[in-house]
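Annotated phosphoserine per Swiss-Prot: Ser142, Ser206, Ser261, Ser371, Ser409, Ser410, Ser445, Ser446, Ser460 (among others), in sequence order. Per Swiss-Prot, SUMO1 cross-link is recorded for Lys178. Residues annotated as SUMO2 cross-link in Swiss-Prot: Lys178. The phosphothreonine annotation in Swiss-Prot covers Thr200, Thr281, Thr522 (among others). Residues or ranges marked as compositional bias 'Low complexity' by Swiss-Prot: 225-238, 278-294. Residues or ranges marked as region 'Disordered' in Swiss-Prot: 225-315, 405-537. Here Swiss-Prot flags 242-259, 299-308, 415-426, 490-501 as compositional bias 'Basic and acidic residues'. Annotation comment: Swiss-Prot describes 315-403 as domain 'BRCT 1'. Taken from Swiss-Prot, the feature domain 'BRCT 2' covers 536-627, and the record attributes it to sequence analysis.
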Amino acid sequence: MPEISLRHVVSCSSQDSTHCAENLLKADTYRKWRAAKAGEKTISVVLQLEKEEQIHSVDIGNDGSAFVEVLVGSSAGGATAGEQDYEVLLVTSSFMSPSESRSGSNPNRVRIFGPDKLVRAAAEKRWDRVKIVCSQPYSKDSPYGLSFVKFHSPPDKDEAEATSQKVTVTKLGQFRVKEEDDSANSLKPGALFFSRINKTSSASTSDPAGPSYAAATLQASSAASSASPVPKVVGSSSKPQEPPKGKRKLDLSLEDRKPPSKPSAGPSTLKRPKLSVPSRTPAAAPASTPAQRAVPGKPRGEGTEPRGARTGPQELGKILQGVVVVLSGFQNPFRSELRDKALELGAKYRPDWTPDSTHLICAFANTPKYSQVLGLGGRIVRKEWVLDCHHMRRRLPSRRYLMAGLGSSSEDEGDSHSESGEDEAPKLPQKRPQPKAKTQAAGPSSPPRPPTPKETKAPSPGPQDNSDTEGEESEGRDNGAEDSGDTEDELRRVAKQREQRQPPAPEENGEDPYAGSTDENTDSETPSEADLPIPELPDFFEGKHFFLYGEFPGDERRRLIRYVTAFNGELEDYMNERVQFVITAQEWDPNFEEALMENPSLAFVRPRWIYSCNEKQKLLPHQLYGVVPQA
């Protein structure tokens, strides 16, 4: 598209002595046009073109302006034409946001406005005068203007045909390269490559029915490979079955078109069956081999190879689906990279621990979130879990990455069950008699226990994860290996044994006159405190959003976060429109007035309101604890 040349500056509302409006007529980008002083609301300049032209596109380089508008007019009305003689060519367009204007960042943004961005009625006419209006209402610290402006006319048909004809003969120094193909006028990216493939395929197949037959065999081979990928696993070291000689060239051309993702997925899929072979027991191996010979497609369809073959970039967002992560102890930029990788794998992110959170990714122990989640019974893992899942492109069991101090087998095996179902095929028959194993494990050897707060309160990520966790609990009890590591079960057993040993002691002495009645009531009628379920916390802060402002003495900030989270409240990291209550230990601040102007429903309260609600175990009126401006 040819560039429209500018003749001179007709008028200018404001210009600097150094950065004058005539700089827009020059091609150098470092020559700018700026206002005479800072703080001007709008500035404008009128430029005269060489002749009447139809404007096809506009290129504008900014220099601190927030908005730019382009109008067009005709010099037939005289140099002192009014505003009514100008028509809008480009509506007011934004070049800097309010935050960028106040901070002074990105002042030299360049935008190209094509014919689809211009007003059609004005772009179809011919003009010889252009008026540019710039404004900056957000910043009054520095002058603003434009770096450059360029106008382009629509390309001519003769020039387009001339350029298309010049493509056929190209001169490189003293040599001239001539195209042999007659269809060189309509060259497209990749056209020569595909024409070469068509030539080789037509030369190899003489009959005209060849391409349709090759397409049919291609569809049949792709359907067979997607239905049963068994030969890839069996003959991992050998080459795949050779096609007929007549179609070999066609298959070679198709292999060139295959994406490089399948060869990269090959080594990972070949290594995984080797890991599952030693886990088979000698008794289960001979029983499984006849079943594999009889029905070769079914067990391999349930194994690792189809899942490994399907695992690719298109399923990357489903690897950690249903997982809600919270980060603790990391600093930027690694914190943002770790969060982006978790979100890329399909997980959800929370800034603080919420009831729907499933994993706390901690850099080191003894952080405030670490202590909070450890007290609530959550799962705390290292950062390597997310990094390895992202690197391996599959979900790994989180129990391998648990931080020190957590030994809950039922929670740890929840992930291992879902992963073992994907990784190890021989374990599937062992998990089918699940109800029997659960009833046997719940026999006299293991006394019944009430549900813990984790089982009653913590919501499960999904129905599938819940069933997987129960299945792994029953399997862990059958094996008996993980039962010793369950700290809560051991504490309950020890407490119950102590209660069973304590009643006979006063009866043997016989000196306590109140021993008989209290023992009978304790053993037969009232249950012990250890058998009672832990009461659930009230959720009177549900649906309320809090923001902690200012400094708090000692560990008061940690206590406030703990109470708000315990009563199902939401804590915001920064001030936004969702905040309803601002908790502060300071007096009235001038910033509170600005916040009230933007959000009149805000309430500024003392920390004592949170403590009083905790003592009364109900929601108290916050007006009694409000922060008001001093007279």
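Backbone N, Cα and C atoms are what each Cβ position is placed from, and that goes for glycine too.
In this view, Ser371 (phosphoserine) is surrounded by 13 other Cβ atoms within 10 Å of its Cβ, with every protein chain counted. Across the range of the domain 'BRCT 1' (315-403), the DSSP-based residue counts are 37 helix, 15 strand, 37 coil.
When secondary structure is read from DSSP and collapsed to three states, Ser142 (phosphoserine) falls in the coil class. Here Ser142 (phosphoserine) comes close to Ala38, Gly64, Gly104: these same-chain residues lie at least six apart in sequence, with C-beta atoms under 8 angstroms from its C-beta. Restricting the average to the domain 'BRCT 1' (315-403) gives a pLDDT of 88.
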